[in-house]
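Visitor: Structure in structure tokens, see below.
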Amino acid sequence: MKRFCTFLTLLFFFLATDLSAQTYTYSTKWGGTGSAAGKFDDIGALDVDADGNVYVADWRNFRIQKFSNTGTYITSWGTEGTGDNQFKRVNNLCVDNDGNILVSDAGASVVKKYTNTGVFISKFGSSGKQEGQFNENQGMFVDADNNIFVCDVNNFRVQKFSSNGTFLLKWGSYGTGAGSFNGNFDLTIDASGNVYVADVNNNRIQKFTNTGVYIKTIGGLGTTEGLFKQPIAIDIDANGDLYVAELGNRRIQKLTSEGVYIQSWGSQGSGNGQFSSLYGICVDKNGSVFVSDSDRDNVQKFVPALSTSVQNTTRVEQYLAYPNPAKESIQLKNIEGTAARIEFINAAGSLIKSIDLAGNENTIQVEDMPRGIYLLKCISDQNIITQRIVLQ
């Protein structure tokens, strides 16, 4: 069955749906090495709650720090030790669906749960290789039911727990084959419950069902678009797009949930938008991206910015395009039959293809274009109409 996309020139519709027209720009940063409030000593992973507050694992200061969305210090908790409010080596954390903070203490082989102000709630785990035990517990994420998924790195597996820490299941083993890991350092979960695991030393992302059934592999070793060199952290946005932090390539890549490249940014260095030793990544509900750098001991924030403009957005006019996603061709129906030109703009804002429409029915060949997400612009004398199109 054909999937039709309605092209509406209303501005609010464009802003809500056309994420491919966005690029990411540096917004702010905070931190620096030290032990004072707002400083870090070997910064770890980070996550953001529904209100936009950012929680950061501060390893050698043995604490969790909480900040506003722009980096204003709010509070912190933790000291060195093995008590309920203490940590041995706190590298990773995540926020659950109730706003509680789950902290992965790899030094003590436990996961601890706190309120968003640092009040201890519960903990689970111990050192070992049996079910419910850990050997280097790192990245975590929760699904829609608040089940907790934990990367058990040196046991080369993912473990799934209920919200109260009861062991449910596990999967994985050491290796390079499908479903095996060599450095499963972080994971994220989409709205359907699929689990994406950053397999660092295999230079790939593996996708599984919620019960650990292998689905597919994304990436592989390389420096070009869609390939990875040590993908150490991963997160997913509200639209299901993946954000991968690469330790080796010192960049952020954005891809669809099927692994289609969208865009990337970053390079080696100490300037704004540059990285030295990426560790964590998270995305808030507005699409802002937060990245931690363990060498620089800082957090950088990047915000989406529209790379194209929309003109004359008060008039509503329709075009129909299908299929979407497309592979070889797109059928585009110009309902009014007025003269128009079609442009394909990639995520970097570059014009890739331009075609003049001829009549009401048009077939546009796209098999020669790179796979990815495009801004499709229909340009007539009266207005410019835009829509996101995916080429697979």
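Heads up, the Cβ atoms here are built off N, Cα and C, so glycines get one too.
Source: prediction; values computed, not measured.
Annotations per TrEMBL:
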type   : residues : note
DOMAIN : 84-218   : domain 'SMP-30/Gluconolactonase/LRE-like region'
DOMAIN : 322-390  : domain 'Secretion system C-terminal sorting'
REPEAT : 27-70    : repeat 'NHL'
REPEAT : 78-117   : repeat 'NHL'
REPEAT : 121-164  : repeat 'NHL'
REPEAT : 172-211  : repeat 'NHL'
REPEAT : 266-305  : repeat 'NHL'
SIGNAL : 1-21     : signal peptide
Visitor: Can you break down the repeat 'NHL' (172-211) into helix, strand and coil residue counts using DSSP?
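Guide: So the repeat 'NHL' (172-211) is made up of 3 helix, 18 strand, 19 coil.
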Visitor: What mean pLDDT score does the repeat 'NHL' (266-305) have in the model?
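Guide: Result for the repeat 'NHL' (266-305): average pLDDT 95.
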Visitor: Quick test of the contact rule: Cβ under 8 Å, at least six residues beyond the ends. What residues does that give for the repeat 'NHL' (78-117)?
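Guide: Beyond its ends, the repeat 'NHL' (78-117) has Cβ neighbours at 44-50, 53, 55, 57-59, 61-64, 66, 123-128, 133-142, 144, 146, 148, 150, 161, 163, 165, 186, 279-280.
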Visitor: As a quick check of your reading of DSSP, tell me how many residues in the domain 'SMP-30/Gluconolactonase/LRE-like region' (84-218) are helical, how many are strand and how many are coil.
Guide: 6 helix, 69 strand, 60 coil
Visitor: Which residue counts does DSSP give the repeat 'NHL' (266-305) for helix, strand and coil?
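Guide: Helix (H, G, I), strand (E, B), coil: 0 helix, 21 strand, 19 coil.
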Visitor: Just give the helix, strand and coil counts over the repeat 'NHL' (27-70), going by DSSP.
Guide: 3 helix, 23 strand, 18 coil
